[in-house]
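A short write-up of the structure that comes next.
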Amino acid sequence: MSIAFPQDSVGLVTPQVLHFAEPLALACGRSLADYQLIFETYGELNATASNAVLICHALSGHHHAAGYHSVDDRKPGWWDSCIGPGKPIDTHKFFVVSLNNLGGCNGSTGPSSLNPATGKPFGADFPVMTVEDWVHSQARLADSLGIRQWAAVVGGSLGGMQAMQWTISYPERVRHCLAIASAPKLSAQNIAFNEVARQAILTDPQFHGGHFQEQGVIPKRGLMLARMVGHITYLSDDAMGEKFGRGLKSEKLNYDFHSVEFQVESYLRYQGEEFSTRFDANTYLLMTKALDYFDPAANHEGDLAKTLAGVSADFCVMSFTTDWRFSPLRSREIVDALTAARKNVCYLEIDAPQGHDAFLIPIPRYLQAFDSYMKRIKV
Amino acid sequence: MRADLEIIQEWIPAGSRVLDLGCGNGELLAWLTEHKQVSGYGLEIDADNIAQCVSKSVNVIEQNLDKGLNNFASGSFDVVVMTQSLQALHYPDRVLAEMLRVGKTCIITFPNFAHWRCRWYLTSKGRMPVSDFLPYTWFNTPNIHFCTFEDFENLCHDQGAKIKDRLAVDRDHRHGWASRIWPNLLGEIGIYRISGATPLGAHASR
C-alpha cells in the first residue's frame, strides 16, 4: 500500500491517543483533572531513547505533521517537507513525536471535548492554556513514551515558543532547540492582530458566549474574519503581489460592495471559509491568548539573557527576511540573549519572499541549513 | 588550516572567548574549539560559509559587520578576530572601533596595498593592480577599502588603539627577512594584534 506514497514520505501513519488521569495544574490557577493527547510518531525509538525529536505546532496546527492518513489523502501532514526519510528531520535517524496540544480541536482534550463534570462540551469553560502548560503536558507525554531527554525540540512560530520554553522549564531534558520564525514574546502590533481576530469571533451572534456547540451552530463568520486577518499577516506584501496583484475575477468592475472582484478577495474568502469549517472558534481564541501571554523573561525583570542562564540546550534560530509577523528582529532578540548568556547558538536569516509562511515551505537554503543542523545532532 | 590562521591561533590563549568577524567556513573557530577549548561565535553573511559552519558545529550568527556589533556587550570577548575582511567593509573605521569596544584584544589581517608589486603595477601600467592573490578588477571587487600598513596604523592611532604585535608576511604567510626590514614595501599581508587604549574598568564606569 505504501508504494503509492513518495519515497521520502513516512507513508501511512495512524494517530495514537494517550489518556492522563493525573490532574494537570495550569498557569491560570485551574487544573485539568483528566485529559487525552493525540499524537503521531515517525521512525523508531532507539534502545537508549536518545533519538527522540518533539515537534511543536503553531496556532492552527495539529499532530498530523508528516505522512498520510489514507491512500486517498490529497495532501500529506503540514510539515511533510521537513520530516521523513532523508529529509531534515530524518526518520531513519530520529524518532519523531508530533502531538495536538491541549485546547486543540483535532483530538486532544479541548473546548469541543465533553466536560466530564457537566456531560456537555466545555466550550468557553475550557481553561485558557499557556505555552508553559503545554510544555508540562508534553513532558508527561515524553514520560509515557519512555523519553527522558529529547535530542531536539523543534517548532515554528508558536511552536518555536514551546521549544524555547522546554529549554527553560526542563533544561536537562532537551539537547537541542530549533526555534524557527519565532519570538521571545509578542509585540503590541502582534497582540493587536490577535485581538481583531478574537473580536471577530466574540461578536459573531452565533458565538453564544462560547457555547455555540450546544446550540448546534458555529460562529462561522467570526472565524472566517479571524482567519482572513491572520492570513494577511502570514504573507508578505511581495508574496501577495506576486500571487494576485490587482487581478480581477471578471473583466469589469461591478461598482458594488458585495461582489468578489479582486483575486485576493476571492482567495481570502476561500481560506476563511475553509478554515471556519474545520477549526473550533474557542480553540482559536485560546491559541491566540497563549501567544499573547508568552513572555518567559517576565519572571526575570524582562531580562531574556537571565531567563536563559540555566539553559543547557544548543540552539538553532532561523528567521525569514520578509516575515513581518515574526520578523528577523524578533529572532535576533533570542540570539542576542543567548550570546549574552554564553550559550551555543546558530542563527540564520533566510532570504525568502513568502513572509511568515516561509517556515512551512521547502526553501532550498532553509532545508539545507535545517538538514545540516539536524545531522550534527548526536544520538 | 589556512596559513594565516595558523599564525593567528598562536596569539589566542587557550580557553578564551573569541568573536570571529567574517568567520568564513568556521575553520579557525572549529580548530580552536577542538585544540584550545575556546568558546565563542563567528559572524558571517555568506550562505555557503554559514552552512559549512553549521555542519562543523561552529556557533555561526548571520550578521552584517557593517551594521556594527551593538548586540555584543563591551569587553565581552577576550579576543575579536577579523581576517581578510577589513578591506571589504563599508565602514572599516566604525567596525574597528566596535572591535576595540567588544574585545580585550583584537587580531586583524589585511592585504597591504603599498606592497611593491601593487606599487609597480600601478606605476608601470597605470591601472588598479590585479594579481593571483587579489584577482578582482576595480568594478567588481568586494575589496572596496584597500589600505596600507601606514594607513592602518594611523587609524589605530586615531582611535587610541595600542599596537601590541605586527607581523608582515608574504602571500604564503612566510615571515621572511625582507618584510621585516621594510614592511610597508615588502610585506604583502599584515597581521596585527591591537587593543583599546582605555582599560576595561574605565569603559564600564563611563
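Here the Cβ of each residue, glycine as well, is placed from N, Cα and C on the backbone.
No curator has checked TrEMBL annotations; they are predicted automatically.
What TrEMBL annotates here:
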type     : residues           : note
ACT_SITE : A:SER157           : active site, nucleophile
ACT_SITE : A:ASP323           : active site
ACT_SITE : A:HIS356           : active site
BINDING  : A:ARG227, A:ASP357 : substrate binding site
DOMAIN   : A:51-281           : domain 'AB hydrolase-1'
SITE     : A:ARG325           : site 'Important for acyl-CoA specificity'
Three-state secondary structure, A:ARG325 (site 'Important for acyl-CoA specificity') (per DSSP): coil
Rounded Cα-Cα span from A:ARG227 (substrate binding site) to A:HIS356 (active site), Å: 14
Spatial neighbours, same chain, of A:ARG227 (substrate binding site) - Cβ under 8 Å, 6+ residues apart: A:ALA197, A:GLN271, A:GLY272, A:PHE275, A:SER276, A:PHE279
Mean per-residue pLDDT computed across the domain 'AB hydrolase-1' (A:51-281): 96
For the residue listed as 'active site, nucleophile': intrachain residues, at least 6 apart, with Cβ closer than 8 Å: A:ALA58, A:LEU59, A:ILE180, A:ALA181, A:SER182, A:PHE326, A:HIS356, A:PHE359
Distant-in-sequence Cβ neighbours of A:ASP323 (active site), under 8 Å, six or more positions away: A:ALA181, A:SER236, A:ALA352, A:GLY355, A:HIS356, A:ALA358
Recorded positions: A:ARG325, A:HIS356 - member with fewest neighbouring CB atoms within 10 Å: A:ARG325
Alpha-carbon distance [A:ARG325 (site 'Important for acyl-CoA specificity'); A:ASP357 (substrate binding site)] in Å: 10
